[in-house]
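Take a look at the structure set out below.
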Amino acid sequence: MPAAYWTLSSFYFCYFASIGAFMPYWGLYLDAQGFSAGQIGELMAIILGTKIIAPNVWGWVADRSGQRTRVIRVAAGLAMLCFSGLLFFSGYWWVAAFMALFSFFWNAALPQFEATTMNHLGEKTHAYSRIRLWGSIGFVLSVASLGAVFERFDVQILPWIVLGLLSVLWLVTWRVRDGAGHPVHAEPLSLATTLRIPAVALLLIACFLMQASHGPYYGFFTLYLENHDYSRTVAGYLWALGVLAEVGVFLMMHRWLPRFGAWRLLSLALLITTLRWGLLAVYVDVLPMLVLVQVMHAASYGLYHAAAISLVHGFFVGRQQGRGQALYTSLSFGVGGALGSLAGGYVWDGIHPSAVYVLAAVLSGAGWIAAVAGSRARQHAV
């Protein structure tokens, strides 16, 4: 599927380029607007919190209508439109309102696109990582270049940059077509029955805890570095290094998944992530250790996400595909990410900045326990 490969890859490239502009630097932008760390945590929690509702709403619409690509296109267009409000309104409640509207649609597109990609791949789902790596490349180029840009220009230009990337993303969606996938009438188990499978429940718990541990990272990592006298250029390069390491993992996942199995790789990712947050809490002033911490992002995201997507796709089939991907997104990136970001802001203000990464290590460690238990329960899965 050469043509489909480049179309699917270009969506991931543009979507994650917008994330590379938004997530690492939005905290800096909000800080420049005069918001406190607690308020920044609350606003970032809104972005993540809409993932609790939006993916499930749009997943239901896509599964019932069978028009997944139309849902993706509409969501991308409305996200672009709503984000433009942030260019013209300021103040905490205005920013909160437009961030909620924007993210309600922005968070709707990716889970449905993941299902579309898997449908295009058919039986070759292990090849997912070769397409998804273009998202990582887009993120790297975006975050690294903007780190240097914000050394020379005011961070207040950030909303214009993000809006431009969202506009390109919306244009790309017009080239996306639905894949074959499973027939829409095929649903061997009800969604409720699938969720009662012990391995499925433990998978979702592990994913929730993993993304809760990332809340302080996505919301406060750049500020954490600035507090320890690192420049924004260095911060941008460190973000980029993490995603470059992730690309390396994506290039290998089509071999590792069949060889080692998704559960084993998921458990390993959570274990490495726990070590990563512990090192970040203690050794932030040691640049070589920070380099190691960012290389470990290969496991924290690349290894974890490819394994999790494979497991979700295996458990949720037929007309459950859209809702399965939506549940994965909403419970992990949504509930987990929002609670992690919110807790991170309060711990930052109330205890100490480094304490947020101790909290992160505890959360991912609990996720590792859930993943190991899920691996042992997998024989009960249907």
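Using N, Cα and C of the backbone, Cβ positions are placed for all residues, glycine too.
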Fill in: transmembrane segment according to TrEMBL, located in which of 195-214, 255-274
195-214
Worksheet item: Between 12-28, 216-232, which stretch does TrEMBL give the note transmembrane segment?
Response: 12-28
Fill in: Leading stretch by Cβ pairs under 8 Å, where the reference is the transmembrane segment (131-150) and the options are 12-28, 71-87, 234-253, 328-348, 354-374
12-28
Item to complete: Compare 12-28, 40-59, 156-174, 328-348, 354-374 by their Cβ pairs under 8 Å to the transmembrane segment (195-214) and return the stretch that comes out on top.
Response: 354-374
Practice prompt. Pop the mean pLDDT for the domain 'Major facilitator superfamily associated' (5-357) in here, whole number is fine.
Written response: 86
Worksheet item: Counting Cβ pairs under 8 Å that are 6 or more apart in sequence, does the total for the transmembrane segment (40-59) and the transmembrane segment (354-374) reach three or more?
Response: no
